[in-house]
Amino acid sequence: MCITKLGRLSLGLYGHLQTVCRAAWSGSSWSAVRRQRSLGLQTHSTSQNTVDPEEVRRFQLLASKWWDEGGEFAPLHAMNDLRVPFVRDNMLSVHGQRHPGKPLAEFKILDVGCGGGLLSEPLGRLGAEVLGIDPVDDSIYTAQMHTSYDPDLRDSVSYQACTIEELSENERNVGHFDAIVASEVVEHVADLDTFIFCCKHVLKPGGSLFITTINKTNLSYALGIVVAEQLLGIVPTGTHDWEKFISPDDLERLLESNGFSVQSVRGMLYNPVSGAWCWANSTAINYPVDVSECGLHPEEHSVSARS
Ligand SMILES: C[S@@+](CC[C@H](N)C(=O)[O-])C[C@H]1O[C@@H](n2cnc3c(N)ncnc32)[C@H](O)[C@@H]1O
């Protein structure tokens, strides 16, 4: 959906902005919000389509490779050692332990940009009811096939080929999920503002959003693109576009402007020799961020943050 010039000109219309945001926060349908946004009343979106077709084409070519642990996605397999406990421990610290042995039982988790389900499956094994979504049909097919081999996951992990904006259009999904994970996804998204807005729309009040991504630094360019892609071939060439990387500060600002409150940001480092990840003090390259929906209109949030 395209935004008209009129729409861009109306970005500063505070009164309309309030109408749109309050409609969203009061639980009216995302379609209604989207219609208002498309009339030029949106807060901050530029395209309302989070998908970059070039990214889809690139991941389509890799869709059969997700479960090759020594292949293109080896670093994502290894990242589970950090990100699964990160999600689990933060969920438990907010919501408390409910079932020993299945610590995430009764939580509904949305894995946005799930690819082949590398993160969906371990979260399902921890007891969560997981829905993985991805715009690449073939990746969803791979995820479904792989999960179908594990009888323990058949009832708890499911997948859908769609985008977050499509998912959030369905009334049934509004305020539905206890948590959302978007791991190594936001650096592939065309419109991050809309992406975050839609995440908030399907999250329960007080729900958690976990993002892992890549910082926009000289070091991330050198290691993430030149070394990892061009010299060592750990990741296929062209996987990342440095322009789409985002610093923790910019990401925090975007999240807070969408009514989230940042709980924690950490640094992560990948060792290409050992193939393992470790926590780091520096967020100069990779970092996870844990935020919670603070149930406030963005304006109210900024007021409460100031006071
Ligand atoms: C680097 S992979 C990460 C996959 C998975 N999250 C993991 O960590 O194993 C990036 C994924 O984001 C998906 N993607 C790209 N653009 C997207 C968008 N606009 N919305 C949701 N997912 C997207 C890709 O299809 C791909 O599966």
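Cβ atoms are placed via backbone N, Cα and C, with glycine included.
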Same-site residue for S-adenosyl-L-methionine (record: TrEMBL; known: R83, D134, S183; options: G113, G206, G207, G224):
G113
Nearest to H188 (Mg(2+) binding site) by Cα distance: which of the binding-site residues R83, G113, D134 is it?
G113
Please report how many Å separate the Cα atom of D134 (S-adenosyl-L-methionine binding site) from that of E184 (Mg(2+) binding site), as a whole number.
12
Where ligand 1 binds, which of the binding-site residues E184, E187, H188 are close by, with Cβ under 6 Å?
E184, H188
Collapsed DSSP category at G113 (S-adenosyl-L-methionine binding site):
coil
